[in-house]
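A.B. asks: Please read through the structure below; I'll follow up with questions.
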Amino acid sequence: MSAATKPLDGAAARDLPQGAAPARTGCEGGPPRHIGIIMDGNGRWASARGLPRALGHKAGAEAVRRTIEAAAQSGVSWLTLFAFSSENWQRPAEEVRDLTGLMRMYLRSEVGTLAREGIRLRVIGERERFGAETVQAIAAAEAATAHGTRLNLNVAVSYGGRAEILAAAKDIARRVAAGTLDAEKVDMAEFAGRLSTAGMPDPDLIIRTSGEQRLSNFLLWQAAYAEFVFQDVLWPDYDAAHLAEAIAEFCRRERRYGLRVA
Ligand code: FPP
């Protein structure tokens, strides 16, 4: 076993993402296990064509379909898509209505395909903010795909990393105050177990499209050791070749998790 892949002990091992070991390249053990995508550029795609933004989001939903299939084909086990941020509620009411309507329609029309293709859907974020009809559609889609083992698909809606961390901190504070949790025993694993991604591996690769280079409140805690790939393509144009390019770039990276690799 090389120094680069030797398991760690002590504090360094505790701080690593679950299942991670320092490696020379990101692909020694296969493709990234978990990819997160910030899908950006629907609006610019639409305005470049003189179309309403709603049609950009509709084309974005087609790219979602292509990317899920491409991820499953590439052997990726987890895919988290940032579909609606906590901040997106501040967009004009008409756009919020278009986006939420599109997501609800997508959930209903795609659930059969997802289930057949072995794709397990989970929604993370504050789903209650979308109202009873959407909450019900989400629960039905999650239940219908719960047997899927080919790809775990998370769709982040009304999601914000800071709000998620704050909610976990409050939950822990309440338990400590109630005497059911010992503050001294709160470690990384305990904390991560109170996030909406509890039990899931951290993302290895985070992709953002459209040329913007920001994290925008996406998976703040979970992205601690992720590799970032920024692609100059508007989300509605995203396809299997773009995903393959991002994975190839990830494979060229040297992941060290803060350690020195000899
Ligand atoms: C960013 O583009 C994209 C979004 C805010 C929404 C993402 C939604 C989809 C891809 C479609 C529906 C999703 C699912 C899961 C079916 P933007 O509007 O910020 O684009 P701009 O920066 O060019 O204005």
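Just so it is clear, glycine is given a Cβ too, placed from its N, Cα and C backbone atoms.
Remember, TrEMBL labels are computer predictions, not curated facts.
Note that the coordinates shown come from a computational prediction; the quantities given were computed from them, not determined experimentally.
Annotations per TrEMBL:
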ACT_SITE  D40  active site
ACT_SITE  N88  active site, proton acceptor
BINDING   D40, E227  Mg(2+) binding site
BINDING   41-45, R53, H57, 85-87, W89, R91, R208, 214-216  substrate binding site
REGION    1-32  region 'Disordered'
A.B. asks: Could you round the CA separation between the residue listed as 'active site' and R208 (substrate binding site) to a whole angstrom and send it over?
C.D. replies: 7
A.B. asks: Kindly point out which of the binding-site residues R208, L215, E227 have a C-beta less than 6 Å from some atom of ligand 1.
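C.D. replies: Within range of ligand 1: none.
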A.B. asks: Within a 10 Å radius around the Cβ, which one of these binding-site residues has the most neighbouring Cβ atoms: W45, W89?
C.D. replies: W45
A.B. asks: Kindly assign E227 (Mg(2+) binding site) to one of the three DSSP-derived states: helix, strand or coil.
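C.D. replies: DSSP call for E227 (Mg(2+) binding site): strand.
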A.B. asks: Per DSSP, N88 (active site, proton acceptor) is which: helix, strand or coil?
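C.D. replies: Helix, per DSSP.
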A.B. asks: Using DSSP, would you call R208 (substrate binding site) helix, strand or coil?
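C.D. replies: Once the DSSP labels are grouped into three classes, R208 (substrate binding site) ends up as strand.
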A.B. asks: Work out how many Å separate G41 (substrate binding site) and N88 (active site, proton acceptor) at their Cα atoms, rounded off.
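C.D. replies: One finds 14 Å between the Cα atoms of these residues.
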A.B. asks: Could you tell me the C-alpha distance between L215 (substrate binding site) and E227 (Mg(2+) binding site) in angstrom, no decimals?
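C.D. replies: Checking the Cα atoms of L215 (substrate binding site) and E227 (Mg(2+) binding site) gives a distance of 12 Å.
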A.B. asks: Measuring Cα to Cα, how far is the residue listed as 'active site, proton acceptor' from H57 (substrate binding site) in Å?
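C.D. replies: Roughly 13 Å, rounded to the nearest whole number.
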A.B. asks: Under a three-state reduction of DSSP output, how is G43 (substrate binding site) classified: helix, strand, or coil?
C.D. replies: helix
A.B. asks: Through the lens of DSSP with three states only, how would you label L215 (substrate binding site)?
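C.D. replies: DSSP assigns L215 (substrate binding site) to coil.
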A.B. asks: Just to verify a number: CA distance, E227 (Mg(2+) binding site) to W45 (substrate binding site), in angstrom, no decimals.
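C.D. replies: Cα-Cα, rounded: 26 Å.
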